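Per TrEMBL, the features are:
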| type | residues | note |
| --- | --- | --- |
| COMPBIAS | 597-614 | compositional bias 'Basic residues' |
| REGION | 597-621 | region 'Disordered' |
| TRANSMEM | 21-50 | transmembrane segment |
| TRANSMEM | 161-181 | transmembrane segment |
| TRANSMEM | 188-206 | transmembrane segment |
| TRANSMEM | 244-265 | transmembrane segment |
| TRANSMEM | 286-309 | transmembrane segment |
| TRANSMEM | 358-385 | transmembrane segment |
| TRANSMEM | 406-428 | transmembrane segment |
| TRANSMEM | 440-461 | transmembrane segment |
| TRANSMEM | 535-553 | transmembrane segment |
Amino acid sequence: FVGYFSTSPLTLYLRKYHPSCIAGCTDVLCCVIFVIVILGYIVLGTVAWLHGDPRKVVYPTDSYGQFCGQQGTPNANKAILFYFNILQCANPTVLINLQCPTTQLCVSKCPDRFATYIDMQYNYRRNKSYWDYYKLFCKPGFNNPDKEVGVKIFEDYASSWFWILIGLVISMLVSLIFILLLRFTAGVLFWMVIFGVIAAVGYGIWHCYWEYSSLKGKPDSDITISDIGFQTDFRVYLQLSQTWLIFMISLAVIEAIIILVLIFLRNRVRIAIALLKEGSKAIGCIMSTLFYPIITFLLLALCIAYWAVTAVRTNPTTFSQSNVTKLCPGSQCTFAFYGGESLYHRYIFVLQLCNLLVFLWLVNFTIALGQCTLAGAFASYYWALRKPADIPPCPLASSFGRALRYHTGSLAFGALILSIVQFIRIILEYLDHKLKGAHNAFTRFLLCCLKCCFWCLEHFIKFMNRNAYIMISIYGKNFCASARDAFFLLMRNVMRVAVLDKVTDFLLFLGKLLISGSVGESTFSSVAYSQVPSLNYYWVPLLTVIFGSYMIAHGFFNVYAMCVDTLFLCFLLDLEKNDGSATRPYYMGSSLRAILNKKNKRPEEKKKRRKHKKEQPNKRH
């Protein structure tokens, strides 16, 4: 960190009390491994490009590797791909093998008869609708109404694309204004909603009491819920006084919990709101951070595109058996590689797994790079004693350069840990799909427990990685040391962490709903509806604007959330390392110092020194 801001007041402090925090490359070994893996990934993509066939993307392929509908082939007039059981393609884990586990044939039209006449006769006698069920198995077999719906939706997009674009631009501007105004409205908005919730719960208690007292004297209202048992009609329960008594007690407990939490945690809530306001000020000083998600989006798009091309061209070798006939139980249809099976095809499944793991690693590294870059920029804001005069020039670009130059290995290390956990979760999902028909209750229970544990582990690692990257951007230490320091720092302030996290999530979620709902409604209620009356489905562009506005607000608010988290860790470090003296002044804003009753003693020290200098000549005389 000393090498980062050589002119800031924090530099002198760290040089004196933390001389080890000098800028240098961290986790070099992991950086070397990461570079080697990227080079190997490029080689894998090249091999897939050489051995793969791009026609697989354009033309459907049957289980024998033949193209359907390609001119100059025996299947030129067979452009339709027939799935024996297309329901096998519905599971998301099919994306791992990139093939549906069912037999596939090229046909000229949807089949009108079964492959085995005996099976058809037997099943038709048992179920008269058996033939209608199998009419749905042809890939392009969408009926005319479905096709008309698709065409109408496309026409709606063609007619309203201009208004959709306007709505998305408006949502971008509103998100920016919302973040900048949070310095003035964060406290008001939060307390308005909190008191609104308290009032709503209070009204609910009164209403439940009124219903309870009204039903108490009526006949049959004193029957307990256990007496009537389970009922599909919920209105039956509303006729019982016991139901309203349970509602009233539950709401009263919730009301008491909310009030007690506000009473005992009011100071921490004030700190959280002050940090939210400080985050708005920081973004106002470093406006370029709001547009950094565009860089992250482009890098993620590059990773996804490269992974998709490599995965599509790396074709699997085997397909699962057909369930239509029982003539060959346990059979497996295998692609016939003309000219013999190469080494590439022999290990193609392993290559697909490597492709998936490296893809997860690159995606998580891209996200980590963005988090560390933003954390470094916002840390430069916090540790400036005089804001914004002491903020270094181009803080975002400088932070991006530092993250790549010094901390690529640390970011890759954290991303690798998260990628391995995500990779294991995908394997567990795949096994869960394969074991759906299993009757072993213990196996199902064990798999469910493993999925739950790894889900919790993934979210915990994401949380710790985020804070570790913040510590890396502040002190410049390696990943393990930064993660350890961040963990113990958060554990020493666990209540502040919980309050800030919930207050931030609540306000940002409220902002997302407010922006997406208001922009979507205003765009197509006041403007688009009158300007574009030829829409077939009014909800198509409306939902598009709402979803797009929500995603845009989510991108902006992710930057804001990273800003608040960074300022929060800096705030905790500031409290622990500094005491407000001339040598160790507080770097927090005046609002935070006022809440905590903290003051910097520098002005008083200067006055004492000046007074002492004036008294020295008198003593000599």
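Backbone N, Cα and C atoms are what each Cβ position is placed from, and that goes for glycine too.
Given the structure is predicted, the values throughout are model-derived calculations rather than measurements.
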I'm a bit unsure how to read this: which one of 21-50, 188-206, 244-265, 358-385, 440-461 has the highest number of Cβ pairs shorter than 8 Å with the transmembrane segment (406-428)? 21-50
Sequence gap of 6 or more, Cβ distance under 8 Å, 3 or more pairs: do the transmembrane segment (21-50) and the transmembrane segment (244-265) meet that? no
Ranking 161-181, 244-265, 286-309 by the number of C-beta pairs under 8 Å to the transmembrane segment (188-206), which range is first? 244-265
Would you mind listing the long-range same-chain contacts of the transmembrane segment (244-265), meaning Cβ under 8 Å and 6+ residues beyond its ends? 194, 197-198, 201-202, 204-205, 208-209, 211-212, 215, 238, 495, 499
